[in-house]
Each structure stands twice: as C-alpha cells, then as structure tokens.
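Have a look at the structure below, then the notes.
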Amino acid sequence: MDQPAPAPEPMLLDAQPPAAVACDKKQQEGEAPYAEGNDAVTGHIISTTIGGKNGEPKRTISYMAERVVGTGSFGIVFQAKCLETGETVAIKKVLQDRRYKNRELQLMRAMDHPNVISLKHCFFSTTSRDELFLNLVMEYVPETLYRVLKHYSNANHRMPLIYVKLYMYQLFRGLAYIHTVPGVCHRDVKPQNVLVDPLTHQVKLCDFGSAKTLVPGEPNISYICSRYYRAPELIFGATEYTTSIDIWSAGCVLAELLLGQPLFPGESAVDQLVEIIKVLGTPTREEIRCMNPNYTEFRFPQIKAHPWHKVFHKRMPPEAIDLASRLLQYSPSLRCTALDACAHPFFDELREPNARLPNGRPFPPLFNFKHELANSSQELISRLIPEHVRRQATHNFFNTGS
C-alpha cells in the first residue's frame, strides 16, 4: 500500500482567526469564520457566516454532512449539501494547529483553473475537547481516476486510449498551471488525487495538503509523495528538488493507465528504487549527481534498461511510449515540462476539429488556457491551440465587437 505523505512543513500563523471575518475567494487576506454545529459527522448540520466584506451583506450558510468520502492522516473529507441552494460540495476537515497558518488554504486561495479543484470558502470549527478544525469547502466531483481505473481492471479491460489521452492531458494542463502561475509543486500526484466527472469527463487535480511553493536554494523535506509515484531524487534524499517531481509522478500515472497496474510497485523505499532500476536500468554517475550529489560514490548493481516497447503491450501506440520515456527520466532537468507534455503528439487526437467523446458529446474545455502560456514560445502555443480553435476565437472576437 502507499505510504501516507507526512504533514507539510508549517507556516507561522500571524494571528488567531477572528470569529466574524469571512473567507471566500474574493477575500484573499481574510481569515475564516467559526461555525456552529461542531463535531460534524453524517447527518449533522454545520452553519457558518460568509460575506460581510467589500459591501457584501453577511449571510448564513448551512451544510448537511451526508457521507464521508475520504479519510487520512490529515482528517476527513465528507460530501455535504448546502441547505440554502441544494448544491453538493466536498468539505475537507483538518486539525489546525493554532500557532500556524494552513498552507493548503493559502495555496488554494491563489489558484483558479478548470483542471484544479476550486475552493468556495472555508470556516473553523471546534470540538468539545477544544480542538480547532479548518473546513475547506470545495466543489464536489464524484469520481477519482483511481476508482475509474479500478472499474476497468475489475472488468479485465484496459482503459480506452481516448480516455487515457483525455484524463492525462487535463492532468498535465492542471500541473502546467500550478507550476507556472502560483509556482506550486503538488508533491503527491497519484490517481487518488485526480478527480473525474463521469458525465463530462472533466478532470481536476485535488488535495493540496502536501503542496508547497518551491523556492530555489531553500531545502524541502524529501519524504514526500506516495511511494509508487515517488521520483527517484526523493528516494535518494534530495531536498532541493523542483516541480519535475510532479512530472515523474504524472509519468507513473500515465504508465498505470496504459498498463492497468502500477509501473513501479515497490514495497519499501529501497524496493521502489529496485523497481525503477529494473525498467530504466542502473543510473549513470551523472544521473545520480543530478538527483543527489552525495550519492555519486555509491555502488549500484549494473542492470541494463528494459526497452520501453517491451514494458507495454505490442499494440501500444509509439506516441504513448515516447511520452512515457520523456516523463520518466532519472535526470530531473531532462523530463519534459507539463506544457510540453500537453503539446506531445500523443494528444493530437484531442486537437482534431471533430473530436468528441465516444458517446458523441463534446469534450470538456481543453484549450481555455489561462496565464500559464504567458512565457511560452509562439511555436509551442501553435502546437497547443489547434487552428480551428484559433479561427473560432478570432471569429468570436470580431463578432462581439471587442
């Protein structure tokens, strides 16, 4: 089983959260209010106050906790219904140390992208034991990539390639956004943290409990990320890693969707490295230096790389194999970026003018890029946004008189 990632490094809390200050996406600097109806479990009603800033009226909003949908060392996630609107939401309830800011909350407030889970608002609650909990109210997405893959595996089927392309493309798009705009490294990319809407097939990256803004030269903990998806530099104990650890994890997810099972199913940290070496071969001294300079004198058994085309079944498209090989490189700097992955020929089918879901419905939005393209070359942008989409955008621009 995957090992749980440790609690992220704390952030100092500037002050205790006052009871009457609202916390929604428009109030970036506000603290969260407190809620009535504590110890929330299934069937309980939680009421809190939102608004009250920038001329907005305060209003009470109540949630009925319906069922627990996730548990972990962090706390619980439960599905809830807003009694005022009938909207279904997900509420992540985490124990809050009063001395520190919650990093997940700070990061989620800064993010806004179609392929990243969105924060609606948040509030604090307390228990009879005077424990303080932070409740993050998020949009509800019913499925995870893990459960979707399990559905196919249980039926002894492989996931259809069109869905592999659709889900992975959107995952890379979400990663491209968090890596470039807020500059965040997720640090726990895995199928369980990729949400899927079964009707629209829109994908959203979730669970930013391990995420962090990486600062060059500033050390980070290496014991991060669930084991099967852990980049080799983390296994080597590197502390000055980059967002390329997410790219490795995404490569592992791609391989898992193609194979129907994890590519590197290590039973321990050391065994994880053995599983990687069995496929990629023994890393060279230069590759080891790129991962962690302290290990260059360490002697590894010499094992030849297993050819990628033999890792996957014979009918696997060469574009899929090529993309996996570009993601799963020992040297972090040699892994392609998330945007480069989006532009890879493996995803060309998604860019065809008449491409649709197998049921005939349109794809979810795939080309509504945000600020992540700001520093991209014109050549990359032209590969990312197909001509028919650019033509339509130009047509709409002139027709609206903008």
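Residue 1 is the first one shown; counting continues down the chain.
Yeah, the Cβs are placed from backbone N, Cα and C, and that goes for glycine too.
Since this is a predicted model, take the numbers as computed values, not measurements.
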Listed co-binder of ATP (same site as Val69, Gly70, Thr71, Gly72, Ser73, Phe74, Gly75, Ile76, Val77, source Swiss-Prot) among Lys53, Lys92: Lys92
1-38, 343-380 - the one Swiss-Prot records as region 'Disordered': 1-38
C-alpha spacing of Ser73 (ATP binding site) relative to Asp188 (active site, proton acceptor), in angstrom: 14
Cβ neighbour count (within 10 Å, all chains shown) around Ser73 (ATP binding site): 11
Sequence-distant neighbours of Thr71 (ATP binding site) in its chain (C-beta under 8 A, six or more apart): Val77
Those residues of the chain, 6+ apart, with a Cβ under 8 Å from that of Val69 (ATP binding site): Val77, Phe78, Gln79, Ala90
